[in-house]
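Undergrad: Quick one: this structure, given as structure tokens, is what I'll be asking you about.
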Amino acid sequence: MAGLLDGKRILVTGIITDSSIAFHIAKVAQEAGAQLVLTGFDRLRLIQRIVDRLPEKAPLIELDVQNEEHLNTLAQRVTGEIGEGNKLDGVVHSIASSETGMADQPFFDAPYEDVSKGIHISADSDASLAKALLPIMNPGGSIVGMDFDPSRAMPAYNWMTVAKSALESVNRFVAREAGPHGVRSNLVAAGPIRTLAMAGIVGGVLGDQAAEQIRLLEEGWDQRAPIGWNMKDPTPVAKTVCALLSDWLPATTGTIIYADRGASTQLL
């Protein structure tokens, strides 16, 4: 992957721990030559310690996608990090809700407030991020969001599946709005990865039931995938994201690239 992203300036959102998909995207992007700006929400000191584990140093700025001031000043703050006159070549949206009702409660029991907030954070924020950053993106740039195939009702995933369906629709509109700027917008639909978010689902109020559902999901995914699946290895997903951030898919926008080793194409 060396050189694939040489000279590109990329903003990556969503690093929480070193198990985060966003962390591995950042790692692979740096190894491919990218200069990064990272964003974090809450617990910035903790996130900074995680960021310090990356191969290269990268600035970390605060971003709460529910905070209008954060969004309104984002382009200015990013420019402060990459230098006046420089622009971004890529943006990674790897933000999802941690609201209790989204995934770790029975579907019908989810509070409206959790669902509303969760869909805003997980889906609407893709449009908010694009709106904030398009003015400082170079033509030929790429916006990539993280997806999880929502075409079926996933056990224990509940309203997060609905949020991902919303994200897929938002992505199509972002692609349309970004097109005149010469910027592409796509999603990567990953198979299940053992991140902090997944651990939260397993450890939620469904308890043993959710843990068993996730275990069955993991086993079923590996069995369906023609080339197998490893929930502990996010690197193949990160490489797919970096391919979309590169110049090698200039005619691809408004769509979804699957990084699930083919599991979504198989019935059994």
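Cβ atoms are placed via backbone N, Cα and C, with glycine included.
The model shown is predicted, which means the values in this text are computed figures rather than measured ones.
Pasting the relevant annotations from Swiss-Prot:
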{"type": "BINDING", "residues": "Ser20, Ile21, Asp64, Val65, Ile95, Ala96, Lys164, Ile193", "note": "NAD(+) binding site"}
{"type": "SITE", "residues": "Tyr157", "note": "site 'Transition state stabilizer'"}
{"type": "BINDING", "residues": "Tyr157", "note": "substrate binding site"}
Undergrad: Select the closest residue to Tyr157 (site 'Transition state stabilizer') from the following binding-site residues, measuring between CA atoms: Ile21, Val65, Ile95, Ala96, Lys164.
TA: Lys164
Undergrad: Specify the count of other C-beta atoms within 10 Å of the C-beta of Asp64 (NAD(+) binding site).
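TA: Asp64 (NAD(+) binding site): 15 neighbouring Cβ atoms within 10 Å.
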Undergrad: Reduce the DSSP letter at Ala96 (NAD(+) binding site) to three states and note it down.
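TA: For Ala96 (NAD(+) binding site) - judged by DSSP and reduced to three states - the answer is coil.
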Undergrad: When DSSP is mapped onto helix/strand/coil, what comes out for Ile21 (NAD(+) binding site)?
TA: helix
